[in-house]
């Protein structure tokens, strides 16, 4: 998983379960070459990033993993949500193929189809469903959608949240230090496993800003419409400006604010490469797709630029000020 050219930062899973199917032993494997070292030490900022990656991987060990959903139990009486003994069957997967797998009961994971005909799966346990309804202010939602391109070759329906709706969640597939919120949704999955009790009032729990309160249109309708237009419900979350590349290979594009209003952002969109599958096409240009986050079909998410670039941006207006404090306390607003 850590071979040269791979994008994986770390991987984890469970090894042993107790008599109630709760994971009691697991492992985490970090790709050490992905952790920057300067002057023989890991920079302070990178230590925080590595801890955040470890939290994500622990989520997989504790139960947020497609192989563990079938073991989930009723949080009140401890009864298995998926009947025993398990039964295997041939199931359609989100990559368009089929696998012969043990599928969790539809009170845990349920299939659905987008308006464009792409299959998806979502976690539909009670607390998860309530949390996503609150998150998006959409009370017709039935669960939290899982990723449409699993990061493991043998994963049929996903072990992460879908980036289209849950870009800034700790348990989405791709890590970005500015879009990494340990939210009530992560706790809800763990609680609905039947093995844990969550503390939603903990200071470490944060509301994810991506799509927060955006309504059912944000959840149920296309993020980009009419071949490239941004509907009102997508503004501030999705975009339609392509990245450009100069003669030095540097990427540049129009700047705006990220959904959390804590960083400047650019539109992660490119018109290079092979065509996007038809069921994930939103633009008239059929090769228009994400430039940097290549592994999922969630088109044109606002991607945060680094704090270093943010520091340069703010320094133009903050001569003589404590820029470290400015970075942590100020907000970004665009007119």
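Cβ from N, Cα, C; glycine included.
All TrEMBL annotations are machine predictions without curation.
Values in this document were obtained by computation on a predicted structure and should not be read as measured data.
In sequence order, 10, 170, 171, 175 constitute the residues six or more apart from residue 56 (Zn(2+) binding site) in its chain with CB-CB distances below 8 Å. Secondary structure at residue 56 (Zn(2+) binding site), taken from DSSP and collapsed to helix, strand or coil, is helix. Among the features that TrEMBL reports, Zn(2+) binding site is placed at 56, 60, 160.
According to TrEMBL, the feature active site maps to 57.
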Alpha-carbon spacing, residue 57 (active site) to residue 160 (Zn(2+) binding site), which is rounded to whole Å: 11
Most crowded position, judged by CB atoms within 10 A, among 57, 60, 160 as recorded positions: 160
DSSP three-state assignment (helix, strand or coil) for residue 160 (Zn(2+) binding site): coil
